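S.K.: This is the feature table in TrEMBL:
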- B:Cys23, B:Cys48, B:Cys108: [4Fe-4S] cluster binding site (BINDING)
- B:23-444: domain 'Nitrogenase/oxidoreductase component 1' (DOMAIN)
Amino acid sequence: MKLAYWMYAGPAHIGTLRIASSFKNVHAIMHAPLGDDYFNVMRSMLERERDFTPVTASIVDRNVLARGSQEKVVDNIVRKDKEETPDLIVLTPTCTSSILQEDLENFVSRAQLESRCDVLLADVNHYRVNELQASDRTLEQIVKFYLNQARKQETLAAGKTEKPSVNIIGTSTLGFHNQHDCIELQRLMGDLGIEVNEVIPEGALVTNLKNLPRAWFNLVPYREVGLMAANYLKEEFGTPYVDITPMGVVETARCIRKIQDCLNEQGANVDYEAYINNQTLYVSQAAWFSRSIDCQNLTGKKAVVFGDNTHAAAMTKILAREMGIHVVLAGTYCKYDGDWFKEQVSEYCDEVLISEDNGEIGDAIARIEPAAIFGTQMERHVGKRLNIPCGVIAAPIHIQNFPIGYKPFLGYEGTNQIADLVYNSFTLGMEDHLLEIFGGHDTKEVIHKGISADSDLSWTKEAQGELKKIPGFVRGKVKRNTEKFARDRNLNEITIEVMYAAKEAVGA
Amino acid sequence: MTVAQETTALKFECETGNYHTFCPISCVAWLYQKIEDSFFLVIGTKTCGYFLQNAMGVMIFAEPRYAMAELEEGDIAAKLNDYDELKRLCLQIKRDRNPSVIVWIGTCTTEIIKMDLEGLAPKLEAEIGIPIVVARANGLDYAFTQGEDTVLAAMAVRCPTGAQVKEEDQGDRNSIQKLLNFGRKKEEVKQEDSEYVEHPPLVLFGSLPDPVVTNLTLELKKQGVKVSGWLPAKRYTELPVIEEGNYVCGVNPFLSRTATTLMRRRKCKLIGAPFPIGPDGTRAWLEKICSVFGIEPGGLAEREAQIWENLEDYLQLIRGKSVFFMGDNLLEISLARFLVRCGMTVPEIGIPYMDKRYQKAELELLEKTCNEMGVALPKIVEKPDNYNQIQRIKELQPDLVITGMAHANPLEARGISTKWSVEFTFAQIHGFTNSRDILELVTRPLRRNNSLKGLGWEKLVKEEAKV
């Protein structure tokens, strides 16, 4: 047992559901007790989804515990097949159902006989993998399933596309700025004259997966999701993949050069150097920003970075290599892939921290006292307590990290967004200097002009006590309204009863 | 076909139970705030932890007095000893937080692997010297607010008897009374006691924010009824004295187990009343309590009328409109009854679980209200099926759907106004004073509609997507 207050990566089934509900016309059925379907709440709230999340639960209750699911799971699959006519139903075990050890595989094969759609059992172990690993695995599983099916039915797309083309693998629902990143990557491919063959899983149809082998190469922008599928495609079809995250100016260039190599090996004969040069110098503002006076003021300032592998590693490199910021500590919660992280960031920071314990990161931040933090929502909160600004760069995230405006982290527009994020996170350089010179902010007491400032009314002890219980941010309003109410009625003492009467009268 | 067939009794149905609600472990989010010296330890998996972290949103950041005892593979396979593991964690909690009680929340996983929490607790309690209360608030058996019910039922057993209290120094007991007496001398207190009518002790049960507790206590005081304690109190050390033959009354509709425990194990008498939600409910609740004690209630009719008058601006917005409850928190019957009185029609009340005995008075009031307002009796659907409900919503096109967050945005995108049901469990909705707050919630989507009227973008999905 482990005492835990907070976790960075969710349970395995969340990963499976993220993949399943990213595809179009795929339905997931969770084998789960009542209340485990909060994935729908997360998706509906965070992504502000207009459509119903295609996830339902086949409820595990007391009866199931006593007698087994029997026909229930099969019935639910068949019913969903009729109601929604999906292409695929993914039966998703949860931590609860996995210890029941029912033969879900058997339910799936029975349901397959009666339903028109395909039925799959997500193959993840809840006690061994987390959300990110499970999503990687589920994506591979679905890709494998449809390619095998196509092979059997002899519908597998043969040969490569005429022009160079790419599959973008790994953008999914509830991923950090994934939708914006996806648009930015498609633009980048357009600029490079590369056709986008398929984007999976976000917005893809499983019936199109048979086209995956037609691409010249696969692009896997995130370390956490998509590598397994890309590896599978490489083994089966020899499709090479590029797994350099195009985040930051230097890494974007590196990614494009790798793509260039990939294509030239297949005889495309492309040269992207002029494009990279033009983008770096004149289109992206980030290179210029790092030369500007603003950024000079950031030189040597201390920062702490923490997040998932992709974003924490890329951010560390950007801060250290492109902005001259001193990254004291870089960390990741992707413990299962910690070696990769160490290898990526070791030369760009003083310390590396690989941990899933938010207390450990909080303590490290308190010890280091950086000028800014780049982390998850948890680190943002640590920053608030320690009065250190924080830019959010990775999940777990809140609704404010699903902006409506266009805010990619990848590609050349991404470099601009990151420059803004970094610059706004540090206290503005000039302001900082002035504060030091003039000894801090003006601290004179704010003069109150509210009605309550010179109150002639007396509050009884009880009423004062009651007032104190009202949350701070509305207390002033309640006090003013109550006093106004009392004054209007010529009462000069405020009791609890007066408070309630005021509330009833004016809704204070 | 018979037109507008007059139904004379409430209709009850039961569907498949495929509906969305919160897991009952969510009760820790409000109970740890209510019981200030408690620590809630949820013994479960990452799934439970992720739920609390996400569903309870920012609260997790406020250094909560709750945590997960996250089970690992070794715990499931019984390679590790449950007792030793729990002891290690509880000692750590004792060292870091020193609470007066640790509440263990059993989950689906502890049920399935049959971890004997009730058996382990007394042993560990004796060993570490902190009371351990066990509540099995799991998704196999319960929905959302029923979690509080399981915790309070477990606490009810821990309430002291008068004899036990005399043994200890009377100290800090009966916080309500203390609050009302506020440091006055004994003689004054005695004099004040004469404001009350002589009646057997009354203990109220249900967790409410402190201002609401004070408010309801004062409402009863006006009628001469003395509240000798609340279950739960502000602190675990202040749990009320409960004696055989005491009277108890619930303030929330989801507390059936607590009521049963108080009756069967503590030999209390339950006052079955409608719940003090809305001015009509509050009045009926007060009247029922008074009638049990043979008190003639005074001034309630005027008070209720006054409240209704103050609500008029909101009532104008909702009169004649229809509301559909998808059902997820068990407050549905009381809210529907209040909204019918406000002039709304209710085609369907979904509810996770319907205890017809505990909610008897509330159901009767609902029926009576419908008859008096001349509207059709609603269909009460226990264990609803969300998919079927959405088909019915499409057909009925209600003016408002009260539903969980999973369905709210998709329904809004299809031009159906919604109110997020969970807000009713966190807002202050009890008593005369808070009636306005309920309507503030109910009318919010309708007021929004009025502000955005005429923009012509109510339906924001391209083709009618399959549900």
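Heads up, the Cβ atoms here are built off N, Cα and C, so glycines get one too.
Since we're looking at a predicted model, the values are computed, not measured.
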S.K.: Given the binding-site residues B:Cys23, B:Cys108, which one is most crowded in terms of C-beta atoms within 10 angstroms?
M.R.: B:Cys108
S.K.: According to DSSP, does B:Cys23 ([4Fe-4S] cluster binding site) sit in a helix, a strand, or coil?
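M.R.: In three-state terms, B:Cys23 ([4Fe-4S] cluster binding site) counts as coil.
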S.K.: Under 8 Å Cβ to Cβ from B:Cys48 ([4Fe-4S] cluster binding site), same chain, six or more residues apart: give me those in sequence order, or none if nothing qualifies.
M.R.: B:Cys23, B:Ile25, B:Val42, B:Met68, B:Thr107, B:Thr109
S.K.: Mind looking up the mean pLDDT for the domain 'Nitrogenase/oxidoreductase component 1' (B:23-444) in the predicted model?
M.R.: 91
S.K.: I want to verify one value. Collapsing DSSP to three states, which class is B:Cys108 ([4Fe-4S] cluster binding site)?
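M.R.: DSSP assigns B:Cys108 ([4Fe-4S] cluster binding site) to helix.
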